[in-house]
Structure formats: C-alpha cells, structure tokens
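According to TrEMBL, the ATP binding site annotation covers Gly10, Phe11, Ser12, Ser13, Cys14, Gly15, Lys16, Ser17, Thr18. Residues or ranges marked as domain 'Cytidylate kinase' in TrEMBL: 6-216.
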Amino acid sequence: MKKITIAIDGFSSCGKSTMAKDLAKEIGYIYVDTGAMYRSVTLYALRHNLFNADGTIREQELQAQMKDIDISFRLNKETGRPDTYLNGENVESDIRTMEVSSHVSPIATLAFVRKALVEQQQRMGAEKGIVMDGRDIGTVVFPDAELKIFVTASAEVRAQRRYDELKAKGMEADYSEILKNVQERDYIDSHRETSPLRKAEDALELDNSHLTIAEQKQWLYEQYHKLTS
Ligand code: DC
C-alpha cells in the first residue's frame, strides 16, 4: 500500500501524541514526537546551566553546543512505543517534568534550535510512512503531507488531562499551576516569530474537548483510511 506522511499539530496536552502513537502502531508507521525533541534540548540546557537566573537563555553558548546534542528514539519493547534518548541516555520521563515544561517554550522560539530540529525531522520522514506530531509539522516540516490534522481542546480540559497523567505516574501535580503553564505555552507557541502554531490551510480540524480517546482514534483512523484505500 502507498505510504503517506501524516502531520498532526495542535496545542499542548490536547491528546495529539496518544492518537498519533496509536495510529502509527496500528498501521505500521514510524512515530515521531517532535515536542520530545524540544524538551530534550531544554533538559540539556538545564543540565548545562544554560539558563540565567532570570529565565533567559545563554543563546550563544547553546548555539555552540547544538552539535553536542544528539536526540534519537528507540522502541521500548515493554510499552511498544518509542522512548526519547539524549546523548545515549533514556530521558523519556526526565523531559516530562514541570521544570522542563516551564522552560521549553523559550527554547522552542530560538531560530537556530528550530532549524536544527526541523532538518532532523525532515530526514526522519524522507521515506514517508511516518506520523509526526508537533506545532509546525503541517506548515513547515512537511507542507506537502498528504494528511494534516489540527487538534484543539479547551485549556481547562487540557490542564486536567496533564494533571491526571502526572498523578497516574505518581508525580507531583498542582492543577492551577498546570493550567497557568498550559495558557502561557499557548500564548508563546502561537505568538512567536519563527513558525508560530497555526492551522495549515489544508488541515482538518478536530476539537476533542468532548471526545473519548477511543472516539478520537477512530476518527483519525477513518481519515487515514479514506486517503489510502
Ligand atoms: O507537545 P509538547 O508539549 O511536548 O511540546 C513541548 C514544547 O515544544 C511546546 O511548548 C511547544 C514546542 N514545540 C514546538 O515549538 N514545535 C514542535 N514541532 C513541537 C513542540
């Protein structure tokens, strides 16, 4: 069967990754979580003291060190999903902490970071047969993707989902802090100069505020099926 490129964009914590991962598994495609790549650069910057006390970034130092940052994905046999590796270390849970979440948006505004990660993403998808999720996949990374989805949900619904996710993993969580973080990231993600979050003209929009995960997955599978059957 003809392989296509599937681009899934949308706001943070709106369930993009869950539906993208499950679709990829079901149809035998590669899945790439590009948010995990921006989070990995952020973790690297935190570990190497590249943030000043006021939260600004030591940009020149980070730019010089970009060549030392190797991000890859390896299949976790237990979960059946890819884990994120930073310079050979599995950082899948370290990149999901509140500390990384609250530092990632300014990292994702840096043009040199975006350029390096977009180039790597384009190489990963060169052979098609890929489901990639992020903020600029349908607009910048794969403007020619055959299937583009733009996912939305209210900030409150998304904060509740992230809260439940952290709690389920036994991690610390405070709903109002999470909601504030979700709203701040929405603002920065959609107002930044380089590749702001926006719906591609030819993307299908899905508001999943009131859909179950099973309903979303079914909807996505139907869109894929319509295009490839
Ligand atoms: O999807 P996420 O919450 O894990 O993404 C983390 C951050 O990375 C988010 O604040 C926006 C940014 N991001 C981006 O700018 N471009 C992408 N393609 C993916 C994520």
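Every residue, even glycine, has its Cβ placed from backbone N, Cα and C.
Structure coloured by features recorded in TrEMBL.
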residue: Gly10; record: ATP binding site; Cβ neighbours (10 Å): 26
residue: Ser12; record: ATP binding site; Cβ neighbours (10 Å): 22
residue: Cys14; record: ATP binding site; Cβ neighbours (10 Å): 26
residue: Lys16; record: ATP binding site; Cβ neighbours (10 Å): 26
residue: Thr18; record: ATP binding site; Cβ neighbours (10 Å): 15
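Secondary structure at Gly10 (ATP binding site), as computed by DSSP, is strand. Checked against ligand 1, the binding-site residues Gly10, Cys14, Lys16, Thr18 give no residue with a Cβ under 6 Å from it.
A Cβ within 8 Å of the Cβ centre of Gly10, Phe11, Ser12, Ser13, Cys14, Gly15, Lys16, Ser17, Thr18, the residues given for ATP, is found for these other residues of the same chain: Asp133, Val151, Ala153, Arg158.
In the three-state DSSP classification, Lys16 (ATP binding site) falls within a helix.
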